[in-house]
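A.B. asks: OK, TrEMBL features for this one:
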- 403-516: domain 'RCK N-terminal' (DOMAIN)
- 13-28: transmembrane segment (TRANSMEM)
- 35-54: transmembrane segment (TRANSMEM)
- 60-78: transmembrane segment (TRANSMEM)
- 90-113: transmembrane segment (TRANSMEM)
- 119-140: transmembrane segment (TRANSMEM)
- 152-174: transmembrane segment (TRANSMEM)
- 186-207: transmembrane segment (TRANSMEM)
- 219-237: transmembrane segment (TRANSMEM)
- 273-294: transmembrane segment (TRANSMEM)
- 300-322: transmembrane segment (TRANSMEM)
- 334-357: transmembrane segment (TRANSMEM)
- 363-382: transmembrane segment (TRANSMEM)
Amino acid sequence: MAGAAETGLLTDAVVYLAAAAAMVPLFTRARLGAVLGYLAGGVLIGPHVLGLIGDPASTLKFAEFGIVLLLFVIGLELKPSRLWSLRRDIFGLGTAQVLLCGAALTGVLLLLTSLSWQAALVVGLPLALSSTALVVQLLRERDQLNTPLGERVFSVLLLQDLAIVPLLTVVAALSRNPDPNAPEGWVQALYTVGALLGLVLAGRFVLNPMLRVIGTLGAREVFVVTALLTVLGSALLMASLGLSMALGAFVAGVMLADSSYRHELEADIEPFRGLLLGLFFLSVGMSLDLRVLWENVGLVLALVVALVLVKTAVMTGLARLFGSSWKEAFSTGLLLSQGGEFAFVVFGAATAGLLIAPGAASMFAAVVTLSMALTPPLLGLWRRWKARGVSSEGLALPEEAGEGAAIVVGYGRFGQIVTQMLHARGVEVTLIDVKPEQIERSNQFGWKVYYGDGFRVDVLRAAGAERAQLLVIAADGPWAPTRLLPIRDAFPQLEIVARAHDRRHYIDLRRADQELIVRELFLGAVEVGRMALRALGNDEEAVDAIEAEFRRRDAERLALQAATGDIMAGRDSVFRPGTSWTPEIALGEIPFAGVEAEKVS
């Protein structure tokens, strides 16, 4: 039988997985984000609510490997040349952020608490650092990591990781209980430079040749072991010097970014990264001491508000000085407005150095945790404000649009392709979407997309539908065909092209007298079918004939289904297993529906 230790470990694992499985989908569905779901799950199972997990501190230490793996994967995606191009943001903007936010937060602590200036300094400086795990996860969820905003934010986070050594040196210098075995500050700096140089050389002259040898063996499990050894070894090297483990893993990743094996490494690491990062956020939630929070609720809330406001204001101003627009600068400030995971380490060191009491350390840890929990909803509110509902004045058609202007409703993958083809002919296009995330992402890439419900007559009128010639409905999902009726009545001159979600949606649109319709997957699936036939040895003439016959049968079925409203009508004409159709007439005599979107006669 399993011992008590094994059973306890298994029980903890089940509790973690159950908390994640219950809370993350709930918060994701509520559009609050997976991170907030993990934090809430951690609070629920932690020692201060249900008490299912008794020692969150040990779990947090282990879960920090999730951050390590995350930074390694990011390093794999960031080549040294690209990292060098970010040096101005890393050392200029990053340094200014740490120093100014640290000074401002130290002043706030002196104003709101009874801490000495030494204690305020060792608390204020780590509060200037942000959560790499949280911010990078938010950027990845929104596909913003490789945008100008994402690169600027990540540059600041990278400098914050580099600032760990100076911060620990400050704590050691002010400590009332100094460690006699601790190295001098300049010695620690030499260790840091030596460790980074060692990682660079190891990546170039050891890791790449080793991966090449392992790759020739064809043993995937050995490759996985080597990938984990690379990450954990670099993290261990940094940790032994009192540095950030994540920084070591990041440098190792950058050194392998030009490697032929980087995609395999990323694929092998990804499952571990996701699990451990989720465990990290669960652990942060578990560490929230609700008793301390309740006893100091007024001060804690005041400190949380001050932390978010100060960091947002300082970072917004600095980002503007470094060339960001106001909106991008404010987004940068909000993304970096929370406290970070490294603060927990510094608070522990400050407690050991008799600079702050254990109760104060717990209170400041609660401030950090709450600020992390605030970041996702604040970002959501900011995105909605940027893409807020518009009136006629807020969504005016550019004057130069002219009589040939088109309107595209829905700027996802489908709408983007349509828009590019229209732009290729010089057509002015007004873009409308209802998803704030899509609008923000498109605007970052230089596309002006307006927020609004593109099926509303007043929104379309504001977009210039009375002067436009074309309306393309590229919206996701099976929207109701009846929504086209008021649009046709209000703008009879508009040619409307509609995207159908599936066959049933296509039939419903046809029955609602919509003429130009394209099923979103039809053309792509037909092309894959052609490729499959060619791959099996069929010549081009046979492939063309089979496609033409399939299209003819499909068009007949659609016409019959639209006339009767019965999705099963015409099913006898479907090619079934055992069918071996051979054209009996010349290819040129076969009715060929080369374009599905054609007017219904």
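Cβ atoms here come from the backbone N, Cα and C positions, even for glycine.
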A.B. asks: Taking the transmembrane segment (60-78) as the first stretch and the transmembrane segment (186-207) as the second, find out whether 3 or more Cβ pairs fall under 8 Å, excluding pairs closer than 6 in sequence.
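C.D. replies: Judged by the Cβ rule, the two regions do not touch, with the required three close pairs absent.
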A.B. asks: Please identify the stretch among 90-113, 119-140, 152-174, 219-237, 273-294 with the greatest number of Cβ pairs below 8 Å relative to the transmembrane segment (35-54).
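C.D. replies: Result: 273-294.
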A.B. asks: List, by number or range, the same-chain residues at least 6 past the transmembrane segment (13-28) whose CB is under 8 A from its CB atoms?
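C.D. replies: Same-chain contacts beyond the flanks: 34, 36-38, 40-42, 44-45, 52-53, 278-279, 282.
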A.B. asks: Between the transmembrane segment (119-140) and the transmembrane segment (186-207), are there at least three Cβ pairs closer than 8 Å, leaving out pairs fewer than 6 positions apart?
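C.D. replies: No, the stretches stay apart by this measure.
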A.B. asks: Where else in the chain does the transmembrane segment (152-174) make close Cβ contacts, counting only residues six or more beyond its ends and a cut-off under 8 Å?
C.D. replies: 74, 86, 89-91, 93-95, 97-98, 118, 121-122, 125-126, 128-130, 132, 135-136, 139, 145, 182, 185, 188-189, 192, 242-244, 246-247, 250, 315, 319, 322, 324, 328, 332, 335-336, 340, 342, 346, 349-350, 353, 355
A.B. asks: Looking only at residues six or more beyond either end of the transmembrane segment (273-294), which have a C-beta under 8 A from one in the stretch?
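C.D. replies: Apart from its flanks, the transmembrane segment (273-294) reaches 16, 19-20, 24, 34-35, 38-49, 53, 56-57, 59-60, 62-67, 69-70, 73, 133-134, 137, 300, 341, 344, 359, 362-363, 365-366, 369-370, 372.
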A.B. asks: Based on Cβ pairs under 8 Å, which of the stretches 186-207, 300-322, 334-357 lies most in contact with the transmembrane segment (90-113)?
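C.D. replies: Ranked by Cβ pairs under 8 Å, first place goes to 300-322.
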A.B. asks: How do the residues of the domain 'RCK N-terminal' (403-516) split into helix, strand and coil according to DSSP?
C.D. replies: 46 helix, 23 strand, 45 coil
